[in-house]
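The annotation domain 'Acyl-CoA oxidase/dehydrogenase middle' is assigned in TrEMBL to 183-292. Sequence annotations record features per position, and here TrEMBL assigns FAD binding site to Gly226. Among the features that TrEMBL reports, domain 'Acyl-CoA oxidase C-alpha1' is placed at 330-480. According to TrEMBL, the active site, proton acceptor annotation covers Glu466. Residues annotated as domain 'Acyl-CoA oxidase C-terminal' in TrEMBL: 523-657.
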Amino acid sequence: MDHRVSRRTEILTNHLLRRAPPPSSVLHPHRCLSYSPPELSNDFAFDAREMRRLMDGHNLEDRDWLFSVIVQSALFNRRERAGRIFVCPDYNQSMEQQREATLKRIEYLVKRGVFRGWLTGEAPEEELRKLALHEVLGMYDHSLAVKLGVHYFLWGGAVKFLGTKRHHDKWLSATENYDMKGCFAMSELGHGSNVRGIETITTYDSNTGEFVINTPCESGQKYWIGGAANHATHTIVFSQLNINGSNQGVHAFIAQIRDSDGNICPNIRIADCGHKTGLNGVDNGRIWFDNVRIPRENLLNSVADVSPTGEYLSAIKNIDQRFAAFLAPLTTGRVTIAVSAVYMSKISLAIAIRYALTRRAFSITPNGPEVLLLDYPSHQQRLLPLLAKVYAMSFSANDLKMMYVKRTPESNKAIHIISSAYKATFTWNNMRTLQECREACGGQGVKSENRVGHFMGEFDVQSTFEGDNNVLMQQISKALFAENVACQKQNKPFSGLGLEHMNKPLPIIPSHVTSPIIRSSEFQIDLFHLRERDLLRRFAEEVSEYQSRGESKESAFILSYQLAEDLGRAFSERAILKTFMDAVSTLPAGSLKNVLGLLRSLYAVISVDEDATFLRYGYLSTEDASAVRKEVPKLCAELRPHALALVSSFGIPDAFLSPIAYNWVDSNSWSSQL
C-alpha cells in the first residue's frame, strides 16, 4: 500500500513539475511507431525543380526571397518543433491582437520593399511580381493577404483604373508607400452581390462644388468593409449618383473617414463587424455617412464626370456599360482569390500526403507491420484525385494571370467570364480539399498548429466574397447564352472563350470504351466538348421555352438555374482540361511529361465520375461510366509512387507546412513540450 501511494505521489509530482519520468519507466516504442522520413523510401522520377517552375509559372526567385523574409523575422511567430522552424499566425491571440499583428507585419514588409511598384509599376513584369508576392503572403496568413488586397488591389486599383491623373498624382505613391490606408466601401447590409441595388446616395451641390454622401437607411450602411473598423483613413464609396433628380447609377468617390491620428471624421459613423469564423486579423467595419461633403474632384472620373455647374458628362451613354466599367477593380480580386485557393489546396495536400506517407494504421497480417495510410487504395482515392485537380488548376491559374497582365479593352469581357468561372470552381474545390485533408489527418488535423483544420474557417469566405459562387456560375451561363444568340443571329462562328469547338461537327463518343481510350486526351476533350455543347443547347431551349410561356427573359434565366449551374461547371472544367492539355503538349518527352499525363487523365476521369450529367443526358452509357469509374483507382495506384515528388514540387518551404508534415512523433514528444 505504501509503495503504491509513493508511486502515485512520484507520478503526480513529475506531472506538476513537468519532469520526464525516470528512465526505468519509459516504454520503448514499437518500431512501427517511430518516424521514418518519406524521402528514404520514395524516389523522385522527375526533376522537382522543373515541375515547380511549371506550377508557379513566374517569379520563383522573388517568391523564395519573400519566403525567407518571413521565416527569418520574429514578427511572423517563429516556433520550433522537433528541430524545425515553422511560421504561422498565433490564433490564440484575441481579435484585437491579431489585427495589430497584421498591421505590424504590413509596416515591416513596407520597409523591406515588398510593395515596390505594386501601384506605380506599369509593365506586365511588375504585375506578375506583385501577384507572386501576394500569393506568398496569402500562404502565410489569409488575413494579411486580404488586408493588403483591400488596400492595394481594391482601393489602389480603383484609384488607378477608375481615377485619372489628378487622382494618380495625389494618391498612388502614398498608397504604395502605406502613408495612408485605404478601404473599399461597396457592400451594404442590404446588398452584396447585387451592386446595382446599393442604397447609398450621393448628390451634387453646385453652390459649393461638393458632393454630399448619405446613408438613407439602416440597410444602406456599408458592411464588411475591410480596414474600416480600426486602421483605414480613406475609402472608395460606391454610391448611386443623383444629379438634378435623375439617377445616373453607381459611381465611385473618395472620402476621408479618419484623420492622421486615427480620429473618425465628422459626419462619419463607424462600427465593428465583430469576431468572425476566420480572418480575425482583418478589421472589418460598418460605415454610415451623414451628409458627408467631399470635393467635386473626389469623383473617380475615368468613366464619368460632373462639371462645376452640375452637368453630368460621360462618353459611355449606356448606363449598363457604365456600370460594368465601374466594376472593373473586382476582376483583380477574382483573379487573386482564384489563385489563392489553389495555393491553399497545395499546402493542405502537401501536409496530408506527407503525413499519409509516414503514418501507419492496422495490419493486414497477424503480427505484421501496420500499413502506411497512403498505401490503402481508399486513402489514395481521397487525396490523389484532389492532387490531380490542383495540378490542373495550377496551369489554369497561371493562364488566367497571363491573360490579366496582358489585358486589353477587347479582352476584358473574356477575363471577367473566365475569372468568375475559376474563382467559383477553385474556391469550391479548395473547401472540399481542406475538409478531406483535415479528415485524412485524423485528430492531428484539428490542431491549429497543423494549419489544415484552421484553414477551413479562414477560407470559407472565399465562396461568397467578390461574388457569390452560385451567382457567378449563373452569370457565366448567361454570357454563354448571349454568345450563342449572337452567333445565330449574325450567322457567324463562335470565337473566343474556348468555344471554337462548337463550330466543328458534333464529337462522336465510342460505344464501348477501354482503358487506353479513357486515357487518351482526344477522348477526354471530346467528352467535355460534348457535355458543354449539349448543355448550352438545352439551356438555350429551356430559356426560350419559359419565354414562350410568357416569362420575361430574366425570369426565364432564374427558372433555368439547374441547367445554368451545370453549364457553368461544364465550361469551367473544359477550360481547365484544355489548358492542362495545351501546357503539357509543349513539353519534351520524358518522365515529367508522363507523370503530368497521368494527372491529366485522373483529373478528367474524376470530373466525369463526379458529374451526373454524363449519365443523365446519355453522354456515356452506364457500362462506359462504370469503366471510367474503375480507371480512378488504377490511376491513383500509378501515381502513388510519385506522391511525395508531386507535393515537393509545389516549392513550399518546410516552415509554411506544419509539424505533422515531418517528424510528428518528436514534435509531440514530452521533451518538445518543455
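A Cβ is built for glycine as well, from the same backbone N, Cα and C atoms used for every other residue.
Averaged across the domain 'Acyl-CoA oxidase/dehydrogenase middle' (183-292), pLDDT in this predicted model comes to 96. Helix, strand and coil residue tallies for the domain 'Acyl-CoA oxidase C-terminal' (523-657), in that order: 111 helix, 0 strand, 24 coil [DSSP]. Helix, strand and coil residue tallies for the domain 'Acyl-CoA oxidase/dehydrogenase middle' (183-292), in that order: 6 helix, 54 strand, 50 coil [DSSP].
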